[in-house]
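Report on one structure; see the data block that follows.
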Amino acid sequence: MALSEPILPSFATFASPCERGLQERWPRNEPEAGGTDEDLNNVLDFILSMGLDGLGAENPPEPPPQPPPPAFYYPEPGAPPPYSIPAASLGTELLRPDLDPPQGPALHGRFLLAPPGRLVKAEPPEVDGGGYGCAPGLAHGPRGLKLEGAPGATGACMRGPAGRPPPPPDTPPLSPDGPLRIPASGPRNPFPPPFGPGPSFGGPGPALHYGPPAPGAFGLFEDAAAAAAALGLAPPATRGLLTPPSSPLELLEAKPKRGRRSWPRKRAATHTCSYTNCGKTYTKSSHLKAHLRTHTGEKPYHCNWEGCGWKFARSDELTRHYRKHTGHRPFQCHLCDRAFSRSDHLALHMKRHM
């Protein structure tokens with residue numbers, strides 16, 4: 001007897017012996033005979049329309065790859081494993097969407113997996129503060145991530161023991177003479193934020209408030225002097241005070257000081273002639289001795305040139321006289337070729353060129 005339709009192997013052969021044992025162990029509701037035949041016909045029509053005519057018992061269909069389960073996902077206890085009849089399993093696998101929607105945002109390392117429709121923007125990680133204050137990473141969700149379209153989760157602030165605020169930093173002493181510590185006039189931010197507030201595309205971000213700037217160097221010293229006067233202490237040494245530099249005009253007009261004096265210091269004439277009717281004074285004793293020879297007539301310096309018996313009271317006079325015998329003229333005029341044996345004669349000659 002010829003059959004009008006091709007005979008396909010039974011779908012019961014797709015099930016492995018292990019699945020059969022599990023099906024016998026777990027109780028299930030037996031479907032009605034009419035409903036099962038109708039479901040099988042629908043599945044068969046769907047397979048034929050998809051062009052799976054060569055499907056056999058040896059090559060069961062491979063299910064599409066499933067995405068890895070999100071982090072921190074645990075199956076519900078007490079639920080039986082999803083085993084059913086082979087026909088229903090095959091239909092469910094063919095009619096199941098390719099990818100299951102994610103269950104919710106999950107944290108993988110430094111990235112946040114969020115469901116579609118929510119944008120995730122990565123930002124550079126912030127620098128953690130000290131042991132006190134609110135941790136930046138806890139106050140704004142996971143560190144280095146910014147979730148758009150959703151309000152940021154505010155973390156808990158880490159404080160010191162018994163909820164006390166951190167102690168203010170001590171300022172260094174103004175001078176070695178007095179170790180007076182003056183507290184700052186206003187709150188100061190010990191850790192400036194590494195990044196400024198960026199533009200927000202979702203809701204308004206948390207507002208950042210910065211304290212007033214620290215007082216300048218001049219204001220700090222003025223406050224220190226006022227506080228010392230109020231406490232009855234001596235003001236700090238003037239060497240610690242800072243003064244503004246002078247104007248550029250004063251710097252240009254100021255002339256550098258010379259290392260040596262511009263005029264020689266006038267020496268006191270302490271050597272005085274003791275002869276009557278002579279009150280000459282000299283700064284050097286040698287000069288006074290030469291002057292006394294004029295009163296006594298002593299001439300110790302003699303010219304040794306042959307045939308010359310001149311005598312002189314001073315050595316420089318003998319030197320000039322000796323140049324007459326030798327003809328030596330050390331004083332040369334730089335404007336002409338004339339030379340002189342005495343410096344005073346050269347000075348008189350230079351006046352003629354002027």
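Yeah, the Cβs are placed from backbone N, Cα and C, and that goes for glycine too.
Because the structure is a prediction, the values reported are computed rather than measured.
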Per Swiss-Prot, which of 101-123, 331-353 is zinc finger? 331-353
Consult Swiss-Prot and report the residue, out of SER84, SER89, SER246, SER274, annotated as phosphoserine. SER246
State the residue range annotated as motif '9aaTAD' by Swiss-Prot; the candidates are 42-50, 222-230. 42-50
Please list, for the zinc finger (301-325), how many residues fall into helix, strand and coil according to DSSP. 11 helix, 4 strand, 10 coil
In terms of Cβ proximity under 8 Å, which residues at least six beyond the ends of the zinc finger (331-353) contact it? 320, 323-324
Determine which residues of the chain contact the zinc finger (301-325) at the Cβ level, with the cut-off under 8 Å and only residues 6 or more beyond its ends counted. 290, 293-294, 341-342
